[in-house]
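Reading through the structure tokens given below for one structure.
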Amino acid sequence: LSVNKIKTRFVNGHSKSDEASVTESTVESPVFCCGCLRRIRGWIPVHYKEEIGQILKLAGPVVISQLMIFLISFVSTVFCGHLGKTELAGVALAIAVINVTGLSIGSGLASACDTLISQTFGSGNMNRVGMILQRGVLILLLACFPCWALLINTEPILLAVKQSPEVARLSQLYVMIFMPALPIMLCFFLQGIIWPTVLVGVVGNILNALINYIFLYVLDLGVAGSAAANSISQYSLAVFLYCYIVWQGLHKATWEGWSADCLQEWGQFITLAIPSMLMLCLEWWTYEIGGFLAGLISEVELGAQSVVYQLAVITYMFPLGFSVAASVRVGNALGAGNTEQAKLSGKVASICACTTCLSVCSRDIVKRVADIMILYGFFHLADTFGVMGGVVRGAGKQKIGALCNLVGYYFIGFPIGVSLMFPNKMGIIGLWIGLFTCVLIQSLFLVVLLCKLDWKKASQEALVRAGVQLPERKEEQFGLEMRGNIPAVPYILNPMVPFILNPMVPHILNATVPYILNHTVPHILNPTVPFILNPTVPYILNLKVHIF
């Protein structure tokens, strides 16, 4: 009996009955957690669940692809760090100059496509999507010239702000070698495919690290080799992505080749592109200026600001992903005339961003730069409402977003931060307090703005941008009126392009003009009867008749 008792004991002194109780408790714990999760999921409405899935499908790959793009310059900086302090400083300043005078401007201009392409795609006018891309490519290529003018003068600019002559010389060398890659880098922002960008980014980063190693350690090319490696990597991203698009035929639905029509309607693109650029640049430049101001205090403050800034860039990728997803979903919904879906997408994207970024502010980050990171945790949480900026772009309200950033950063946040930074001697903690105040006020303003937004009007504006209908002010020119409860919707179509009408909208045509449909049968319309066309048949107009 005693032997059996001994056999029933374990080394730690627990019996089988004890083990059973422990096992039951460990089993009950995950079961209890799963039950809680099921209850929480049950509280979420079905349409919210579906939208969360769509948002995550877009946001996840965007986060990864943005990290891949960021890592190319980061890897170049790491390799140059082994060359010496002067070389590292020169490369770091060169990348900062490229970001301020090139990348931020091009990325901001390309953000106009967040509005135009998403709304046009949602309307179903696929041919116009390719036309918008062509306009974007031409406008960004032209934007390279003023950017190049600034980049050529990198050394004088750095000397004017009291940088070391040797550091300024190395920065100029890096920038001059990188300049040919600027057009490719800017046009890369125009594409909208997601997972292929992730795959291409992984391959590009591996190639970038390999080329940096060969140029810096095998060929001993120094800073020039690092710049050449970065430039080659940017071209490789474009080549790989182009090959993938052609291989998979992703362009067939929206691309019919270059057309002279891409030289038209630049005003619409630029009207959105310039506010989009200001919206992004006003925010981006604030952090670059903050680094410069930190350097005026001490090297310790500059080093701490550099660490916080790099961490801020990485953690911002999460709200950026949800911002892009919100822009796409809201734009698609407005282009399709679905205002309820647009409002739902904006709400769900904001909720997802807040939930995700609560988990990003981890203890590991706080331990690294403790004093600043405690404050940055709150800043990052407030910054997640920057997802509203994506909703603003999707709705085509970039002017309001640009004005919000101008007032928030340069009239509220920056003055508070600088006053705490220097007169109160709080260092970069004061700067981040000012930025936190700015971001919090901005977030509250954007939330109120989107709650008060006239979504029906935004949907009508989206249909105009998508080329589906004309602005309301032009209706009188065509003699169109409201007849009963049926709205008169004028259309101007390319006479050589088939156009499929929206099946939900009756179209009243000018009753005095003969219309040649399918090149064969003239139709003189009854002036009192609306003529409803077959929504599934493409109609090709006679070249002499362009009002439809």
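Just so you know, glycine gets a Cβ as well, placed from its N, Cα and C.
Taking Cβ pairs closer than 8 Å, the transmembrane segment (58-79) reaches residues 88, 91-92, 95, 194-195, 197-198, 200-202, 204-205, 208-209, 212-213, 216, 226-227, 229-230, 233-234, 310, 313-314, 317-318, 320-322, 324-325, 328-329, 349, 352 in its own chain, all 6 or more past its ends. According to TrEMBL, the feature transmembrane segment maps to 58-79 (among others).
Annotation comment: TrEMBL describes 91-112 (among others) as transmembrane segment.
According to TrEMBL, the transmembrane segment annotation covers 132-151 (among others).
For 171-190 (among others), the entry in TrEMBL reads transmembrane segment.
What TrEMBL records for 197-218 (among others) is transmembrane segment.
Under the heading transmembrane segment, TrEMBL lists 224-245 (among others).
For 266-287 (among others), the entry in TrEMBL reads transmembrane segment. For the transmembrane segment (266-287), same-chain residues at least 6 beyond its ends with a Cβ under 8 Å from one of its own Cβ atoms are 99-100, 104-105, 107-112, 114-116, 132, 135-136, 139, 309, 312, 389, 392-393, 396, 398-399, 401-402, 405-406, 409-410, 413-414, 435, 465.
Here TrEMBL flags 307-328 (among others) as transmembrane segment.
Per TrEMBL, the feature transmembrane segment maps to 372-391 (among others).
Feature annotation from TrEMBL assigns transmembrane segment to 403-422 (among others). Distant neighbours of the transmembrane segment (403-422): 278-279, 282-283, 286, 289-290, 293, 297, 428-435, 437-439, 441-442, 445-446; these residues of the same chain sit at least 6 beyond its ends, with a Cβ under 8 Å from one of its Cβ atoms.
According to TrEMBL, the transmembrane segment annotation covers 428-451 (among others).
When Cβ-Cβ distances below 8 Å are used as the criterion, the transmembrane segment (197-218) is approached by residues 61, 64-65, 67-69, 71-72, 75-76, 79-80, 82-83, 191, 225-226, 228-230, 232-233, 236-237, 240-241, 244 of the same chain, each at least six residues removed from its ends.
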